[in-house]
Amino acid sequence: MSKPGLAPRRAALALMEGVLEERRLLSEMLPGAVAHLAPDERARAQRLATGALRWLDRADRSLGRYLKRRPDLAVHNALRLALFELWVDGAKPHAVVDGAVAAVSARKETARQAGFVNAVLRNVLRDGPEAWEALPVPQLPKWLRKPLIADYGKPAVAAMEAAHAAGAPLDLTPRDGDVAALAQATGGEALPSGSVRLSRTTQVSRLPGYDDGAFWVQDAAAALAGQALAAGRGERVLDLCAAPGGKTLQFAATGAAVTALDISEGRMTRVSENLARCGLEAETVVADALDWEGGPFDAVLLDAPCSATGTIRRHPDLPHAKDGTDFPDLFALQERLIDRAVALTRPGGRIVYCTCSLLIDEGEEQVRDALARHPDLRVDPEAVALPGVDPSWIGDEGGLRLRPDYWGETGGMDGFFIAVFRVPKA
Ligand SMILES: C[S@@+](CC[C@H](N)C(=O)[O-])C[C@H]1O[C@@H](n2cnc3c(N)ncnc32)[C@H](O)[C@@H]1O
């Protein structure tokens with residue numbers, strides 16, 4: 001029989017290897033990679049892999065003191081994971097050392113290095129948590145850090161990195177807009193923007209009101225993007241890249257006639273499930289937005305596919321799995337999707353363009369380029385001056401720049417860019 005706790009640790013190490021060697025995202029590998037585990041072990045494997053990747057940079061700095069040269073990836077990862085468990089997760093030292101040694105011993109290729117792992121971890125333990133705490137907050141890899149410093153400056157990037165290390169709370173959007181009632185029912189905090197924030201980790205489906213569809217999970221920054229559209233009862237609204245549907249639900253809850261479109265059939269199933277749970281309606285269309293014909297609509301939301309660099313708090317694997325080389329294709333797609341959104345909006349209508357990205361190429365620059373291609377469009381800064389938004393977050397081009405370090409004292413928010421275009425009357 002294998003040691004207790006070995007299976008989730010081995011699954012976590014396999015997930016880390018998938019990210020760091022095969023450059024795959026955790027979301028692509030889960031839930032397949034943990035399907036063989038019991039539910040609590042699955043959650044533990046995911047938590048360990050996510051945590052180790054979040055703290056990877058600090059673990060590597062720490063291990064630099066004990067390693068003459070970089071060990072094989074599998075051994076290195078076992079040590080990185082052990083440091084996360086010891087100094088962040090608060091696991092018992094003997095259990096961590098035993099677990100790391102057992103994981104390395106269980107693989108034929110690494111079994112001979114079990115003694116080495118044991119020795120390194122003994123040295124780490126001898127130096128204690130003070131040595132770990134003295135190290136800087138984990139930094140982003142250079143490929144991402146450099147352009148962000150160029151755009152925001154070093155202090156801002158350091159603040160974002162601190163927010164990435166802190167992780168993300170759980171935000172809920174109330175279906176009927178009654179934020180106070182939902183905050184009371186769930187024991188959460190009512191945010192000025194209309195979301196409810198829970199700081200504790202919890203199983204969402206066990207929260208009161210889940211089965212009745214009284215709320216859905218949606219980061220407060222993403223909810224602001226939905227609010228910026230200001231959908232009204234009976235208005236024809238198109239959600240052009242809709243899945244998994246947080247913003248579709250926001251529009252449907254206002255009584256708008258919503259068409260939710262997405263290229264992915266699988267992801268669109270989640271939109272339908274979310275609508276059904278919340279007792280809301282929308283027309284769902286699986287199609288490529290670039291060649292779909294319909295409308296014209298009173299309002300179009302384009303929550304475009306993007307680098308997702310605004311979601312690193314929730315997805316600390318992203319900076320390790322990506323290197324930015326595929327981003328220019330996304331920038332070009334965003335441009336074409338903006339042109340489609342313009343074509344699908346009626347004269348006098350409006351378009352919300354947003355991305356969960358920190359890169360200005362996917363935000364401010366897209367707005368500037370869109371205005372050059374469509375000189376009749378106007379950006380409406382008033383439309384993004386929403387409750388909870390600090391006016392200094394609205395840029396010269398009229399868009400709203402949200403960063404993970406904003407609202408730091410209440411748990412931060414996802415990085416987002418949101419701009420509202422007004423289409424001229426005919
Ligand atoms: C950022 S996500 C949208 C999130 C969603 N608006 C929400 O609030 O839950 C981007 C979506 O764009 C979809 N997508 C990518 N390319 C597309 C295309 N050419 N046409 C339609 N949808 C596309 C992806 O499948 C993905 O679901």
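Glycine is no exception: its Cβ is also placed from the backbone N, Cα and C atoms.
Residue environment of Cys356 (active site, nucleophile) contains 24 other Cβ atoms, counted within 10 Å of its Cβ in all protein chains. DSSP classifies Cys356 (active site, nucleophile) as coil under the three-state reduction. Here TrEMBL flags Cys356 as active site, nucleophile.
Ala243 (S-adenosyl-L-methionine binding site): 24 other CB atoms within 10 A of its CB, across all protein chains. According to its DSSP assignment, Ala243 (S-adenosyl-L-methionine binding site) is coil. Annotation comment: TrEMBL describes Cys241, Ala242, Ala243, Pro244, Gly245, Gly246, Lys247, Asp262, Asp303 as S-adenosyl-L-methionine binding site.
The domain 'SAM-dependent MTase RsmB/NOP-type' annotation in TrEMBL covers 132-424.
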Report task. Could you state the whole-number distance in Å separating the C-alpha atoms of Cys241 (S-adenosyl-L-methionine binding site) and Cys356 (active site, nucleophile)? Result -> 13
Query - Averaged pLDDT, computed only over the residues in the domain 'SAM-dependent MTase RsmB/NOP-type' (132-424) - result: 97
Query - Between Cys356 (active site, nucleophile) and Gly245 (S-adenosyl-L-methionine binding site): CA-CA distance (Å) - result: 14
Query raised in the report: Restricting the comparison to the binding-site residues Ala243, Lys247, Asp303, which residue's C-alpha is spatially nearest the C-alpha of Cys356 (active site, nucleophile)?
Result: Asp303
